[in-house]
Structures are given as structure tokens and as C-alpha cells.
Amino acid sequence: MTAQILDGKATAAAIKSELTARVAALKARGITPGLGTLLVGDDPGSRWYVNGKHKDCAEVGIASIQRELPATASQEDIEEVVRELNANPQCTGYIVQLPLPKGIDTNRVLELMDPLKDADGLHPTSLGRLVLNEPGPLPCTPYGIVELLRHHGVEINGAHVVVLGRGITVGRSIGLLLTRKSENATVTLCHTGTRDLSGLLRQADIIVAAAGVPHLVKPEDVKPGAAVLDVGVSRDEAGKIVGDVHPGVAEVAAWISPNPGGVGPMTRAQLLVNVVEAAERTGSAR
Ligand SMILES: Nc1nc2c(c(=O)[nH]1)N[C@@H](CN(C=O)c1ccc(C(=O)N[C@@H](CCC(=O)O)C(=O)O)cc1)CN2
């Protein structure tokens, strides 16, 4: 292995340590940030992610509000909890864990959320603010990727970033972040309809692989010296994570994010950043 590691665990720990001081400062002003979560169904992965979010909150001093519904919950059941969280003064920001069960209109649920309490940056208002370059919560995984690269001194300015996947939590929004003047990258978004994927990947200074296809990015697809971020979470028969990036890529790339231990912990840390920033914005408006 020749690539250097983009260490998400250590970077997330540094972010959390800084947030602990900011939460203490908010509390001294009488503001207690509180993260709400809504988990629908019994997917073990989603439950693990939600539990992790509350563990992180406890670590930095953010209060937790946990709501759960069975997999059989109706659209109306879910919307009722969303309305409750919108009205709950203890909940300063919240997330609806995705994906929601089949048959649920996810967009309608996201649209019903109070945009001032959107901790995930996935509300249409938050995404619109990102397009308009106005302050607001940023989608956690894209935000985490940018911070992970910055933390390790990987040049984003002027880089050609090739993104694999057009899902709501990563692919569709990361280009909006990376093409802001402050990041100044050029972004190519690839998906299952893209022709000559290998040719495009070989042009990339930075690859963000979020397609959910095991080992899709092979060593021969990567330009020597590139940075490669693996967001894919598939599982083998033993339940072990298999990312979108072939292990051999570590011999070609200059930087690689481990999986686990790369982008995942950064997603969690940036959620906390969104919660704290929202509480700080509310506090300064008082
Ligand atoms: N409402 C949301 N739903 C989902 C999001 C999101 O940002 N908002 N992203 C993913 C899941 N996710 C957070 O919710 C998430 C994924 C992975 C990790 C993580 O830390 N992973 C570990 C490995 C864990 C394992 O072994 O399974 C790692 O990479 O080290 C945290 C959060 C979809 N849904």
C-alpha cells in the first residue's frame, strides 16, 4: 500500500472535541442543542447509524430525542411524528433516517420538516440555499468529504472531481458544494447511464465513489496520485463492509479513505456540526 490514509475516525474526533467547547458555550447562554431522530422500521444498519448519532450527541453534550415507528407505519403516522418534532422546543434540529420503507413518499416527509430544524441539509429549502450560496445546513456526507480532504491538505481548488452515484445523500448534492467559489473544483457526475466510465475516472484528481457497487473502481481506473474516497456500503456473506473501491487502488492513489473508518465517521461528525451551527444561528437571532 502506497496511498496515505484519509483518516475519518481521527478527523471526526478532532471535530467533536472542538464542538464540545461550542456546546458548553451555548449552554452557558441558556441554549441546549437537542438532536431528534426518527427511525422507521427495523433495518439493523439504520438502527446502528441512529444509535451512533445519539452516542455522538452524548459525547459532545447535545441532548437526544429519539422517535421510532414500526416498518408498517403509514405516511400519516410518519408525518404526525414530523409535526411533533417541528413543534418540540427541546428538539433544535432533527433527521429522518433514510431510506424510509417502500411505499412511503420520502420527498413529502422531507418537505414537511421545519427547514430551520433540518439537521441533515436534505430539506428542499436547505438544498436551495446551497444552490444560492446562502448559509444553511450542508448535506452531512458531502460536507464530511470536503472537511476530510481539507484536514489532510488535499488540494480541492482547481481539482477535477469525478463522482460515482446520483443518490440523494451524496451524489446529487456534492457537486453543489465542490463547485462553490470557496471550494472551486470542477465536478463530473457519473451514474449507470455514463459512457466510458473508466476514461472519465482516469481524468480525476479526486474520485468520490458512492454507487453502492462492490469494487467498482479498479486500480487501472485511477490516475497515479489521485485521492479516492470510498462511500459504498455493500456487505459480504459474513456481513463485512465491501466498499466501491478495489483494495488494489491503494497501490496507485496518493490518498485513500478506508472503509470503514473514512467517510462514515465524518458523516456523523458533520451532523453534529449542523446541529451546533443551527443552535448558534438561533441564539444570535434572539
Ligand atoms: N437521514 C440520513 N440518512 C442516511 C444518511 C444521512 O446522512 N442522513 N447517510 C447514510 C447512513 N449514515 C447516516 O445516517 C451513516 C453511514 C455510515 C456511518 C459510519 O460511521 N459507518 C462506519 C461503518 C459502520 C458499519 O460497520 O456498518 C464507518 O464508515 O466507519 C455513519 C452514518 C444513509 N442514510
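Positions of Cβ are set from backbone N, Cα and C atoms, glycine also.
Straight from TrEMBL, the features:
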type    : residues               : note
BINDING : G165, R166, G167, V233 : NADP(+) binding site
DOMAIN  : 6-120                  : domain 'Tetrahydrofolate dehydrogenase/cyclohydrolase catalytic'
DOMAIN  : 139-281                : domain 'Tetrahydrofolate dehydrogenase/cyclohydrolase NAD(P)-binding'
Would you find the one among the binding-site residues G165, G167 whose Cβ has the most company, meaning other Cβ atoms within 10 Å? G165
The record lists G165, R166, G167, V233 as binding NADP(+). What's the largest Cα to Cα distance among them, in Å, rounded to a whole number? 15
So what's the mean pLDDT when you look at the domain 'Tetrahydrofolate dehydrogenase/cyclohydrolase NAD(P)-binding' (139-281)? 97
If you draw a 10 Å sphere around the Cβ of V233 (NADP(+) binding site), how many other Cβ atoms fall inside it, taking every protein chain shown into account? 17
R166 (NADP(+) binding site): tally of other CB atoms within 10 A of its CB: 17
